[in-house]
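So the structure is just underneath, and the comments pick up after that.
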6 protein chains.
Amino acid sequence: MRPSGRELNEMRSVSIETDVTKHAEGSCLIRVGDTHVLCTATIEDRVPPFIKGSGLGWVTAEYGMLPRSTTSRMRREATAGKQGGRTVEIQRLIGRSLRAGVDRVALGERQITVDCDVIQADGGTRCASITGGWVALRLAVKKLMKAGDVTTDPLVSPVAAVSCGMYAGQPILDLDYPEDSEAGVDGNFILRGDGRLIEVQMSAEGATFSRAEMDTLVGLAEKGVGELVALQEQVTA
Amino acid sequence: MRPSGRELNEMRSVSIETDVTKHAEGSCLIRVGDTHVLCTATIEDRVPPFIKGSGLGWVTAEYGMLPRSTTSRMRREATAGKQGGRTVEIQRLIGRSLRAGVDRVALGERQITVDCDVIQADGGTRCASITGGWVALRLAVKKLMKAGDVTTDPLVSPVAAVSCGMYAGQPILDLDYPEDSEAGVDGNFILRGDGRLIEVQMSAEGATFSRAEMDTLVGLAEKGVGELVALQEQVTA
Amino acid sequence: MRPSGRELNEMRSVSIETDVTKHAEGSCLIRVGDTHVLCTATIEDRVPPFIKGSGLGWVTAEYGMLPRSTTSRMRREATAGKQGGRTVEIQRLIGRSLRAGVDRVALGERQITVDCDVIQADGGTRCASITGGWVALRLAVKKLMKAGDVTTDPLVSPVAAVSCGMYAGQPILDLDYPEDSEAGVDGNFILRGDGRLIEVQMSAEGATFSRAEMDTLVGLAEKGVGELVALQEQVTA
Amino acid sequence: MRPSGRELNEMRSVSIETDVTKHAEGSCLIRVGDTHVLCTATIEDRVPPFIKGSGLGWVTAEYGMLPRSTTSRMRREATAGKQGGRTVEIQRLIGRSLRAGVDRVALGERQITVDCDVIQADGGTRCASITGGWVALRLAVKKLMKAGDVTTDPLVSPVAAVSCGMYAGQPILDLDYPEDSEAGVDGNFILRGDGRLIEVQMSAEGATFSRAEMDTLVGLAEKGVGELVALQEQVTA
Amino acid sequence: MRPSGRELNEMRSVSIETDVTKHAEGSCLIRVGDTHVLCTATIEDRVPPFIKGSGLGWVTAEYGMLPRSTTSRMRREATAGKQGGRTVEIQRLIGRSLRAGVDRVALGERQITVDCDVIQADGGTRCASITGGWVALRLAVKKLMKAGDVTTDPLVSPVAAVSCGMYAGQPILDLDYPEDSEAGVDGNFILRGDGRLIEVQMSAEGATFSRAEMDTLVGLAEKGVGELVALQEQVTA
Amino acid sequence: MRPSGRELNEMRSVSIETDVTKHAEGSCLIRVGDTHVLCTATIEDRVPPFIKGSGLGWVTAEYGMLPRSTTSRMRREATAGKQGGRTVEIQRLIGRSLRAGVDRVALGERQITVDCDVIQADGGTRCASITGGWVALRLAVKKLMKAGDVTTDPLVSPVAAVSCGMYAGQPILDLDYPEDSEAGVDGNFILRGDGRLIEVQMSAEGATFSRAEMDTLVGLAEKGVGELVALQEQVTA
């Protein structure tokens, strides 16, 4: 029934290649089907003004799409002179989600910036960014710990994300672009490896959903995130 | 237990004063406790380029806060030279939510812009904007129907919104500012009068939540929206 | 002869409601006919860089119009990405005018920002902003004095403003929008309660005026400001 | 008594050199003492959208200061990314003033843009821009008439401007920079050659003025503008 | 003598992987040592306004660096709100260079946009962008020809680029970042496969060069470009 | 053969008028044929952050064109809200070129900003800006030395610039606008008075050039710069 022939509760094939750039403290290229996102983590000794002197660390994120990561070319945001509303929403979500897995006291007064740049898009770029962003963050923190700059592991529980939605009346896991553009209801679910929920964003454009459908989608998300967390742990072991 | 002395499942007192400005096709001043939002609806005969010639209508929203609607003065966004990320997120949410109650074929090729301007803020401004915005929209559509410009009522089911969250370990309904700034988990629930969900945004800053907590919060939201819809119908009867 | 049936030298009915928002140090809603402006005054302990360390205070103003304060909806300036030329002119005028009634030594090294937001426009918004802005300023200064932060009253003489113009060949006081859009000559007169002039801006778009007409308009303005100052004193007594 | 040794009612020496650039349809370099402004007029066959098809013409103006036209270097507005509030105010004033001398029906559906660029500033740049701008406009219109594109002279009466103010308690004509920075009251007076007033902007920063002082300053302005108009007519004869 | 141990006239190892994204009409990932640039070519049926209706085609380019393509993280240009001066210079150079190899009549009235995004930087990103950009362009044009949309090959002669400079008093070919940051004289040479020069940019920051040195550097460039063109032809054969 | 009747190797008539504004530390008006550029040099005691405390000085440049310096009116960059790509390229080139003639240790920790504003354009504005900019710089440095603020002359060798290109198949010196708009190959050559090259920018839009042609153009540039340097020395003697 799905255009790709997948089962309702089947994710696309996922791979995470680590250490793909030589400059970043942590990096990976995550591929969720045809959605490819390059994630890098940068450690800096400064923190934003609002926590200066607090002893707490900070994790933030930025998100971008290469102009031809999409079917037809998008205008480059640097040329447009600003980040669009969708970009701003997504990068705030990524940062907030990653922070839910971080012990900011243990991190100490430093900032880690996770950049997620979409090389090729086929639906679910924000979820892939969170899942891959966590891997880059994990690798950067490893360096901090190896160097002795951080002694207690500040990463409490892995963070991963997946989308679920109602497609042709059926609940499905991990929407690709053709599914996403048809789905009336679309949700992003960010969870930790310990099963706790971090963020749920269910949204209907020109449609609505029932509580029962909501429950089913949460269940699918728990399955998908479980698989993603297993992969995250394997590649960062 | 709540700073205001309210019950866990008790909303603040809500009032909606209609027809508060002489220029707008529809308008109201909604007061949810000390949160006061002025909502106006403007009808225009043009639609955005992406639906020109489709025969479909469009409903969109913009959101703003007066500089001194808050405890300490905020910088005016017009002076800053752009709308902040939070503003953009909120006005996209308002527009998407209202559209879920609209039959865009019945509306015909015209645009209704709902402006929500916060006069005084005390938590829950986005939810008050949606609830009040629906009233302004309803009043504007009434004018269209009275004038015979629209013959089938394009408003399918009323739309209202309420926030719920975990405060001091308890699930509470309709957070005011002191509660909102302490709550680890905070959700916005947008529903229709017929009980269908339109949007769920649950978010934890520096915290997480369980499925059971999620379920409880949805239940509180259903109660709150029921009360709001009753008031909407009363003031627009 | 006037569309509203007013006498040539008759102002619209004016009311000033004080303490209309709970956060601001001073606030009022001024209604000059159908022109309604919300004015708030914010006290801050910092001053602009150019007077830091001088011991002098500063009073400044910002001005905005809600998008649907006008007959047809205006674009929101925050969306446009900048304040228009008219807005900038008006807010500079408001600030300059209010400062003419202030003893900046007595105020001490602090800043008071007066925000004037037009809720509904029907001509004369800048004059209503000055008159109402003075009331907000007066109320904020009262708090400073009551708290003992300021010992000598820094407000020297009340400041109020009114427009006058040539309409259908006749000099008239306090133009409403229908008059303003027809008047060839239009002036804004800002005076103090002691009768001293602060600012005169007479301007002709597509017309000119004689010295005799100028003199008559100044006379009308003196009458109008007298009435406004009496009301200011009454509501802040 | 004046720093320059001038009489109270004495203007600086004024010269207007015409046809100073080869590209513009009209141009002059006006020198009012040490204030030097290059004015050019550009004729274009298009008009702004709001008068398209009306048969009416338009005259508009832009104003700029070279970065080192002032005692200490100013930031270039193109680098700052926008025109400052002062610049916007001035160029709106120039355009409005020039239009008061133009018969827009006779001009026909075309636009003339007057650019006023300050090469060297020593007070009174906006007045010099108006006076010189009129000369550039006059020369451009002459070309239109010579070419037969316009048959009735659209320039009704010359437009010129001068500043007056209260300096050390005395009313003075044509303030230079040292006077301008000391004057408590400062006015710009734009008049036509036939003695009609176009715009009066009297403003007090940290001071006020009486009606009698106002009257005296208008009288000085009439004298000054008379001299400027004589020079305008001489150089464009 | 070179930090990398290369001969003075030896290029870094170069590879070009083609068809690396599924959406773009042409694409490659070029690696010049540790400098990695993703190049995509997008075909659109519209052309810029200045050639509309001329029958001529257009080739243009945009350039960007991922924030962590560099040793320390750079600010994202979309966040900064504009492209920096260096970016603008580079993308104008890429477009101009590629056009020198294109017969715009044969291309027909369509636009090809070449996006060059630096994934990892180690010196020479603009040269790698031109060399890789040509490959993306070549692949896109192949599709046009295969589809019969273009009948005469519009690509006249391949275009490639290399940098040369004076390092420690010696002329060297293809500077990597450590060499580039030490070199007093630095040149970018863009040539066609037929040996004709397209662009020469020799620049000295805090140094100068003689005519003899200039001649030597041009000779090195001819060698390097010869090798690059051979590789371009091999991967697009 | 040239439109102007000049010999292939003949420059336009050049004049440099010094001390043309009273505020700047150094200034000149350079006229290269009908290209007129006003150059001013401003000395400031602060330096950019990246050299603060280094003891080194800095020379930088800004460039602008008056809106009607060109045949048809250009949009004012301050109105457009940013400097265009061409402007940014040119001002970076001017700054870099001038610095090649400066001993930044001898200059001491201060900044000189050279502003080049084109009053009238007829081709070659960037070269005229460099040649005139050097004169303004020279005059400003003279003041520093006269005042004893600088003891060793920081100006090592004069800097001047000229354009050369291929026009109708012939190599020509100092292109004016009609030649520039026809020339397929166009180069800017910046040299020092001692014959050393600082910058070579040869560029072909829709054309290419051979090494032999390149060599000829360099020879012409050497001749032209020789003449310019002689004039620079004469007017600053």
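Cβ atoms are placed via backbone N, Cα and C, with glycine included.
Caution: TrEMBL annotation is automatic and unverified by curators.
A quick note: this is a predicted structure, and the numbers were derived from the prediction, not measured.
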> TrEMBL has A:Gly124, A:Thr125, A:Arg126 down as binding phosphate; which of A:Arg76, A:Arg86, A:Arg99, A:Arg104 does it also list for that site?
Replying inline: A:Arg86
>> DSSP-wise, what's the residue breakdown of the domain 'Exoribonuclease phosphorolytic' (A:158-223) into helix, strand and coil?
In response: 17 helix, 30 strand, 19 coil
> In sequence order, what residues of the same chain, 6+ apart, have a Cβ less than 8 Å from the Cβ of A:Arg86 (phosphate binding site)?
Replying inline: none
> Given the phosphate site residues A:Arg86, A:Gly124, A:Thr125, A:Arg126, which other residues of that chain have a Cβ within 8 Å of the mean position of their Cβ atoms, reported in sequence order?
Replying inline: A:Tyr63, A:Ile90, A:Val118, A:Ala121, A:Gly123, A:Cys127, A:Ala128, A:Ser129
>> Given a separation of at least six residues and a C-beta threshold under 8 Å, show me what packs close to A:Arg126 (phosphate binding site) in the same chain.
In response: A:Tyr63, A:Ile90, A:Leu93, A:Ile94, A:Ala161, A:Asn188
> What are the helix, strand and coil residue counts for the domain 'Exoribonuclease phosphorolytic' (A:10-140) according to DSSP?
Replying inline: 42 helix, 41 strand, 48 coil
> If you average the pLDDT over the domain 'Exoribonuclease phosphorolytic' (A:10-140), what number do you get?
Replying inline: 96
> Rounded to a whole number, what is the top Cα to Cα distance in Å among the residues the record ties to phosphate, namely A:Arg86, A:Gly124, A:Thr125, A:Arg126?
Replying inline: 13
> Residues with Cβ closer than 8 Å to the Cβ of A:Gly124 (phosphate binding site), same chain and 6+ apart in sequence?
Replying inline: A:Val32, A:Thr35, A:Val162, A:Ser163, A:Asp174, A:Leu175, A:Asp176, A:Asp180
